[in-house]
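Features of the protein shown, as given by Swiss-Prot:
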- 1-21: transit peptide (TRANSIT)
- 300: active site (ACT_SITE)
- 346: active site (ACT_SITE)
- 401: active site (ACT_SITE)
């Protein structure tokens, strides 16, 4: 097995970059990499600028542009069979090679990757050392204080507001502290330097969002009794602590959850919305508030709670100890009534989501006796084979949402309307990394064309 240092050196050589493994200041590392990536982008435009990317149909234009390559995101891509690949690394590789909360522990109870590590990877393209992750952890701790005026703003929000509405509003409230907005308004920043205040705002937002999200949780579900931050904990572990979860298993779960949900190409609703709004030079607070609003949509961020509700309904009707035939019959009933079985199938993947496997491994070790988890795993074995018997269902494999909500529920986070906030805390990593690189690349405002129905008739009528 290759050591992490061997992997780091190989990654550096393969990308032909002069990477300083002793440098723990992320901004300085990025500043060194930006000219190389700008040169690479220039080369791509000069060499391939007139090449045809692909053809697309009227059906794709009307159908949400699915499958059309219309964006550039250098952070991750989704392979139909390997799942999400972050800067060249798969989910299993990230679990193996990214630093953990306890670097000395070799047991399976301490094997979830730290989100600090995956953010470093997204920003630099390089696997970080423990020292680099530790430096980033301390930087986020130093930036993570939420001023009392913002705390009061959240605590004065009506508790019947959806938690995602609260999060979006809190991000907009924090926008008054945007460094980019201030510099741009004063005319003190040039285009080539946009990335620097975007970096500062993005790092502040990432540092503060676990605190903001925890305040929302305690306000809405725990009588507004807040828990102070713990400076000894990492970004994800501290988030769990501030929500009120002190068990090691919950902290480990949140570390893994925030890592594997952090990015998913550039075309999903939250990432695309953040990029689109940011392309107008809206600062990171404005941009990610918009992305959060997209994530709140039932078709994007609510899938995991739909799976949980489906499974709870199944348990209410059938119990947890059932036969495979009981599951098959229930699926038949669901499909015949015109509904879908949530948690199965994916827009891109054509095999079981590696993020699902990641959570299965976690729960088999930490929650091996949990009856709901056992039932979920039984369903994941039975349902895909059953769905394949329906001619219109070609992709029946479990996705990440099949497991994530049930996992949180089994660990005691039972307020499922809050789950999308946890998702939003994670997705801030990818969205902010994309924003910083969009400004570093000098990408323009996004402005596709559109067509009315008459245009289609006039163009294609025989």
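Backbone N, Cα and C atoms are what each Cβ position is placed from, and that goes for glycine too.
Residue 346 (active site) falls within neither a helix nor a strand when secondary structure is assigned with DSSP, and so counts as coil.
Of all the active-site residues listed here (300, 346), the one with the fewest other CB atoms within 10 A of its own CB is 300. In this structure, the CA atom of residue 346 (active site) is 10 Å away from the CA atom of residue 401 (active site). Residue 300 (active site) falls outside any helix or strand according to DSSP and counts as coil. For residue 401 (active site), the number of other Cβ atoms no farther than 10 Å from its own Cβ, over all displayed protein chains, is 26.
In this structure, the CA atom of residue 401 (active site) is 10 Å away from the CA atom of residue 300 (active site).
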